[in-house]
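This report refers to the structure that appears directly beneath it.
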């Protein structure tokens with residue numbers, strides 16, 4: 001593969017601005033300059049590993065001898081996946097235009113891989129504070145590894161405690177399921193008892209009301225005969241009192 005005939009700026013990295021959540025800064029554009037210092041006409045193409053996340057204009061063209069072109073690379077308003085940050089790369093492919101060939105698309109189809117000149121650049125993502133998101137991702141990955149190590153260590157400690165202090169259950173899931181079913185059963189029984197208790201209270205209230213009504217009726221009927229008997233005895237009592245008074249008066253006259 002021949003050496004790249006074009007001069008490419010920047011040489012190694014394309015920098016993009018993102019916010020703290022990893023979202024590309026809206027309206028930010030990075031430029032790459034291609035210069036043809038040779039005496040040949042050169043065809044070029046710009047390729048990327050993430051074509052859906054970048055808009056490249058122009059993405060192909062023709063550079064005449066001693067000419068240059070600025071390539072505008074505008075990221076789309078999407079997030080940068082931390083797992084893909086190292087996969088975002090750009091490649092400049094170029095080839096010296098064959099003499100007499102005017103159909104550029106046909107030239108690219110017929111060109112052999114040995115004639116292609118490739119040049120790769122990696123992407124760097126910078127946050128507003130100037131930190132490199134690529135390095136931040138590496139730090140985050142290391143923190144994740146440390147968390148996993150701590151989790152494994154904690155799990156080992158739990159296993160050790162289980163072996164030394166607690167009896168081992170051969171069917172832990174089965175025991176847990178049984179306990180869950182028992183709790184559900186107890187709650188159902190509790191609900192049934194509450195309903196039965198309410199029913200008994202209502203029944204007792206109805207009985208009290210029924211007994212109270214009959215008692216009042218019985219009391220009303222019990223007073224009737226007594227009053228009737230009292231009314232029937234009153235003439236006899238009056239007669240007895242009159243006779244007694246008459247006897248007292250006669251007795252005084254006799255004496």
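Our numbering is plain: 1 for the first residue shown, then up by one each step along the chain.
For all residues, glycine too, the Cβ spot is worked out from N, Cα and C.
If you check TrEMBL, you get these features:
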type	residues	note
COILED	169-203	coiled coil
DOMAIN	5-126	domain 'MSP'
TRANSMEM	233-254	transmembrane segment
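Across the domain 'MSP' (5-126), the DSSP tally of helix, strand and coil residues reads 19 helix, 61 strand, 42 coil.
On the 0 to 100 pLDDT scale, the coiled coil (169-203) averages 75 in the predicted structure.
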